[in-house]
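Engineer: Here TrEMBL flags Thr188 as active site, nucleophile. Summarising the annotation, TrEMBL assigns substrate binding site to Arg216, Ile217, Gly218, Asp219, Thr238, Gly239, Lys240, Gly241.
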Amino acid sequence: MGWAIAVHGGAGDISRSLPHDRRQPREEAIRHCLQIGVEALQSNSPPLDVVELVVRELENIPHFNAGRGSVLTSEGTVEMEASIMDGNTMRCGAVSGLTTVVNAVSLARLVMEKTPHIYLAFDGAEQFAREQGVEIVDSSHFITPENVERLKLAKEANRVQIDYNAQPIQNDTKKEKPCANGDSQIGTVGCVAVDSNGNLASATSTGGLVNKMAGRIGDTPVIGAGTYANELCAVSATGKGESIIRGTVARDVAALMEFKGLSLKEAADCVVHERTPKGTVGLIAVSAAGEVVMSFNTTGMFRGCATEDGYSEVAIWSDAQVE
């Protein structure tokens, strides 16, 4: 079926009243990053290069919860995380607890290629970044006024917020205060790609949860939870990290294809709609045959995809496509 690519910018309770000035920049960013990926695939770039390239670009756009737009911990700091995986070799790399690295996804790839390990975190990951000469900035670079305000609202409501979700992760006794402009969070980013030869790759990056405890690690850097790729498919998930980790969401899609013989769509829909609590997960996936799926059980998911046969889509809600 040829090459295919999908991109996401976060899933959750995305209100249809989301103001135009907050919705449009994200739609444009998804479209822009999707086009970057399409051009790279058309130029015969390996899928691993493509997903890194696209996620790097998403990390540099402050409208999403990754890189420049990373949300803040309860201490007002950033702790970014990312992972990347190659389907053919199943080599992978992951990082967590980054505070100064501009592009977490590229450091994750360096962990994969330059170390005997898969996962580095916090001080060790930061030291490795300095040794590798990746771009580093002062942590204040990542602390935007918008995310300072999001943290303030989350603290006032005594809640931890997931991507676009106005619901608390756990019950609290304080009355919840609506978030400004109906926009409680901005989204984790991810990209999956397959080339015309069936080579697959996946990458995901995030700043985590608004008002999360310092040191909390989510699903994004956990191979098999937020990110996975093998010879059958590549998957990148977004949503409530704790639920995604419990369900080993990304690996389950591949496992259903591998052991049950399900199609990509059947496997993704089973995991999202039957095996994962409603309102907690969205995912994008491509298969070695060039199929593409974007499935979610939340209100919406910022997403886009394109295939070699000319199909292209950018959308937020299930019944309201942007294109």
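Placed from the backbone N, Cα and C atoms, the Cβ positions cover glycine too.
Since this is a predicted model, take the numbers as computed values, not measurements.
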Engineer: Among the recorded positions listed here, Thr188, Thr238, whose Cβ has the fewest other Cβ atoms inside 10 Å?
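Structural biologist: Across Thr188, Thr238, these recorded positions, the one with fewest Cβ atoms within 10 Å is Thr238.
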Engineer: Which value in Å gives the longest Cα to Cα span across the substrate site residues Arg216, Ile217, Gly218, Asp219, Thr238, Gly239, Lys240, Gly241 as recorded?
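Structural biologist: For the residues that bind substrate, the greatest Cα distance is 16 Å.
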Engineer: At the Cα level, what's the spacing in Å between Gly241 (substrate binding site) and Thr188 (active site, nucleophile), rounded?
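Structural biologist: With distance taken Cα to Cα, Thr188 (active site, nucleophile) is 10 Å from Gly241 (substrate binding site).
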Engineer: What is the separation, in Å, between the Cα atoms of Ile217 (substrate binding site) and Thr188 (active site, nucleophile)?
Structural biologist: 13
Engineer: Among all chains shown, work out which of the binding-site residues Gly218, Gly241 has the most CB atoms within 10 A of its CB.
Structural biologist: Gly241
Engineer: Which site among Arg216, Lys240 has the most other CB atoms no more than 10 Å from its CB, taking these as binding-site residues?
Structural biologist: Lys240
Engineer: By a simple count of other Cβ atoms within 10 Å, which of Ile217, Asp219, Gly239, the binding-site residues in the record, is least packed?
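Structural biologist: Result for the binding-site residues Ile217, Asp219, Gly239: minimum number of other Cβ atoms within 10 Å at Ile217.
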Engineer: Could you measure between Gly218 (substrate binding site) and Thr188 (active site, nucleophile) for me? Cα positions, answer in whole angstrom.
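Structural biologist: Distance (Cα to Cα, whole Å): 11 Å.
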